[in-house]
Every structure is written in structure tokens, then in C-alpha cells.
Amino acid sequence: MLSQVRVAVTQAEPVWLDLEATVKKTCDLIAEAAANGAQLVTFPECWIPGYPAWIWARPVDMRLSSIYIQNSLKIDSPQMASIQQCAAENKIVVVLGFSENLHNSLYISQAIIASDGKILTTRKKIKPTHMERTIFGDSFGDCLQSVVDTSAGRVGALSCWEHIQPLLKYHTYAQREQIHVAAWPPLFPHSEDGSLFSMSTEGTSSIARTYAIESQSFVLHTTTVIGQSGIDRMATSTGALMSTPGGGCSAIFGPDGRQLSQPIPSAEEGIIYADLDFEHIYHSKAFVDVCGHYSRPDLLWLGVEGGVKRHVRDNATTATPQVEQQEE
């Protein structure tokens with residue numbers, strides 16, 4: 001049984017709105033993490049082709065929206081195949097955040113790629129947050145496909161404010177992750193300008209700690225850096241968010257909520273490493289297991305409507321309601 005694993009959490013800047021260049025940078029970071037002994041490497045929300053930061057500066061930008069569609073990643077594509085091949089060549093698990101292009105509709109998606117290059121699962125964010133809805137669609141059921149067994153342990157992933165969705169979190173906890181990847185866009189310190197603390201560096205770190213404590217898993221809090229090139233590319237200098245260089249606050253939290261990593265300056269790129277000892281999970285589980293001994297399913301339980309809902313369904317495979325015949 002695996003007892004320890006070395007992980008790598010990126011804090012990096014994509015090549016904004018450039019699919020090919022960001023895929024190349026992804027592979028470079030995968031190789032770097034593997035060369036430093038990592039068995040798993042993580043990437044933030046919409047890492048490919050970069051988070052669409054302009055949505056917080058203006059409600060509509062048709063030119064950038066068109067560019068974004070054309071540079072978003074298709075799961076069945078040569079670009080994804082390149083990332084899979086890189087994972088296999090470096091024998092490392094990859095948890096990838098990306099803007100998914102599915103027939104030119106976009107979704108905030110994550111993929112967990114095995115160390116042999118096989119895609120173990122893909123998932124879409126349950127619901128885009130606020131202005132993200134001007135770009136992205138909702139999941140249609142595959143948001144629940146979030147935890148899989150890998151060579152680095154049992155790994156799960158959620159994106160951004162999915163971490164404040166109590167029912168979705170509990171569903172993920174119940175799948176018994178050992179390592180949780182929390183993918184975020186660029187995040188900034190809270191300021192007294194009317195912005196939400198829960199969207200800040202400090203607020204999201206609190207969310208990560210809470211997730212670790214509630215799930216008794218290691219949380220790999222993965223964020224993006226935005227530099228002046230990104231600000232200029234998306235014209236966000238007058239926006240409410242992501243208007244100045246920075247955004248990085250990647251971190252690693254233990255199953256009792258303690259921070260296990262030292263921060264990288266917010267405007268700098270780098271990779272955070274840690275050796276995770278799964279013994280710490282057992283220490284926490286001995287005290288609390290919200291899906292086990294510290295629960296009351298006879299009183300409170302979660303119902304789930306499972307399965308992916310397709311837009312077109314064959315009537316032959318669609319359940320027909322049965323009407324009971326009343327006796328005369």
C-alpha cells in the first residue's frame with residue numbers, strides 16, 4: 001500500500017489565449033516536476049489557454065470570446081494527446097485545469113491523467129461563477145466524476161467556488177480522496193473596496209483549510225499568475241479583478257488543515273513540492289470522518305441524480321413513466 005507520495009503544485013502564468021504555446025509550457029512544467037521526483041503535478045483553473053480575466057472588466061468582448069473559443073482545448077485533440085504522452089514519458093499523474101471546447105461551447109473542465117497517459121476522468125464545473133457565465137456553460141452531470149484511483153493515491157478535483165458548494169463537497173468527500181486538487185484563477189489579497197473576502201487570497205486559503213479538515217485529505221491549492229502581458233492581452237487594467245500583476249498563492253494543506261508549504265511571491269512563477277505521508281490521514285480519521293463514524297445517515301443523507309444528461313436521447317433508452325391502473 002502506498003504510504004508516501006511526492007507532489008508538485010504549480011504557480012505559473014500561461015501563454016495567454018494561445019493553445020499551442022500553453023500546451024508546450026504545460027509539458028515543460030510536467031517534465032520539470034517529474035525531474036524533481038514528483039509523482040503528481042497540478043494545474044489551476046482554465047490553465048489552458050488562461051483564465052478569461054476580461055470578464056471582470058467588461059460584460060462582453062466578442063473579439064476575445066472568439067479567440068478564446070478557438071484556443072480552448074478539445075479532449076479528443078492532438079494537443080491533449082501531447083499532454084497525455086508527456087505524462088506517460090515522465091511517469092507522472094497530471095491534474096489539468098482547462099477551458100474545454102466541446103463543439104465550440106465552452107466549459108470549465110478538469111482532467112486527471114494517469115502516469116501511463118490514460119485519461120482517468122474528465123469533469124465540468126457544476127456551474128460557472130457570476131461573470132463566468134458569459135463564457136462558459138453548466139455541467140450536465142459529469143461534475144460528479146471527480147475522484148479516481150491513481151499511482152499517486154486516490155485523487156479528486158474541484159474548481160474554484162465549487163469548494164463552497166456544500167452538497168458537491170460532501171459528494172466528493174464520500175468518494176474518499178486522499179489527495180484533493182483545488183484549482184483556482186489568479187487570486188489577490190483582500191482590500192476594503194467592496195470586494196468579497198471569500199474571493200481573496202486569504203478567503204480562498206481558509207476555504208482550502210476547511211476542505212482539508214472536513215475531508216481529512218491533503219489539499220493542493222493551485223493558482224495562476226497574471227503578469228503585465230496578460231493584463232495587456234485582455235485589457236483588464238481597469239477591471240474589478242486581475243488588474244495588476246500577481247495572483248499566485250499556491251499552497252499545500254495537510255488533512256488537519258495545517259499549511260505544509262512555504263509561499264512563492266504572488267507575481268513569481270514556480271513549483272511547490274511536498275512529500276505527503278498518508279499516515280497523517282489516519283491520524284485525522286481517528287478523530288473525525290464526516291462520511292463515516294462522525295455522521296448520522298439515519299438522520300441526514302445526500303441524494304444524487306447521477307449520470308450525464310445528453311441533449312439528444314434515444315426514446316428507446318429513455319424511461320417511460322408507468323401509470324398504475326386503478327381497480328374499478
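Any Cβ shown, glycine's included, is placed from N, Cα and C.
What Swiss-Prot says about this protein:
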| type | residues | note |
| --- | --- | --- |
| DOMAIN | 5-278 | domain 'CN hydrolase' |
| ACT_SITE | Glu45 | active site, proton acceptor |
| ACT_SITE | Lys125 | active site |
| ACT_SITE | Cys160 | active site, nucleophile |
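For the domain 'CN hydrolase' (5-278), the model gives a mean pLDDT of 97. In the three-state DSSP scheme, Cys160 (active site, nucleophile) is classed as helix. For Cys160 (active site, nucleophile), other Cβ atoms within 10 Å of its Cβ number 24.
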